[in-house]
Amino acid sequence: MRIQRTPAPPKAPRALLCVHGAGCSPAIFRVQLSKLRAALREDFEFVYATAPFPSAPGPGILPTFEGLGPYYTWFEGSPSGAAAKGDNSNSNDSNSSPTVHDRLAAVHEPVRRAIAEWQTQNPSIPIVGTVSFSEGALVTALLLWQQQMGRIPWLPVMQVAMFICCWYQHEATQYMREEVGCGGDGGIDGEKLVIRGVLSLHLQGRDDFALAGSKMVVAQHFVPGEAQVLEFAGRHHFPNRPRDVLETVKRFRQLCVRARVIG
């Protein structure tokens, strides 16, 4: 007797690049995004990049994901672990930590590899946007800015982006200023620090230790007409209350329609 195999479900027509937080992993991020993935499963596939450096578990990982390592971080020598204790915007020990430029150079390879592997295996399913969390959200913002400046042509054109509880360092803004020659006060070239052409949704937990920094990222580096902020009752995590999840999906879908990513 011949056993019939159940056909694999058809893949969605487009994909989102997922960038996990510090002290996390693609496998854990997949679980963290389970409600979002379920809601968007007919519209998007999810492509996961793995951070380059082994690390201890990050903020909010324990006890839920205890023993489910290895865990990875994007920035070697990153103070994002210290940020969990409240210092989320001012860490400038440049003598002991790599520069933002050096950190981004290390980030490029694993992100580029994840994208290339996806494009090779799924040439008809383009990556059109991103979903990122915490340190990964800061990484994503910097990558989008680098792409805008013509530095990383290998990154697909991102039309939509979801930033979840974005972690922030002043070093990131200072790096941008130095790259465009603005100097310390930004001057007339301060407009070059703004990410344009990407419709974005910024999720911010009202009790998140990174809330102040997340607000700063939106205020300094995104266009008001292109960026939406959605606050939710929670801390440093993807929204978990049903009404917050529904509102997140609703807002993101609206951005996707506006960007003509979905009909």
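Each Cβ is built from the backbone N, Cα and C atoms, and glycine gets one as well.
For reference, Swiss-Prot has these:
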type	residues	note
ACT_SITE	SER134	active site, charge relay system
ACT_SITE	ASP208	active site, charge relay system
ACT_SITE	HIS236	active site, charge relay system
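Using a 10 Å radius centred on the Cβ of HIS236 (active site, charge relay system) and all shown protein chains, the other Cβ atoms total 23. Summarising the environment of SER134 (active site, charge relay system), the number of other Cβ atoms within 10 Å of its Cβ, over all protein chains shown, is 32.
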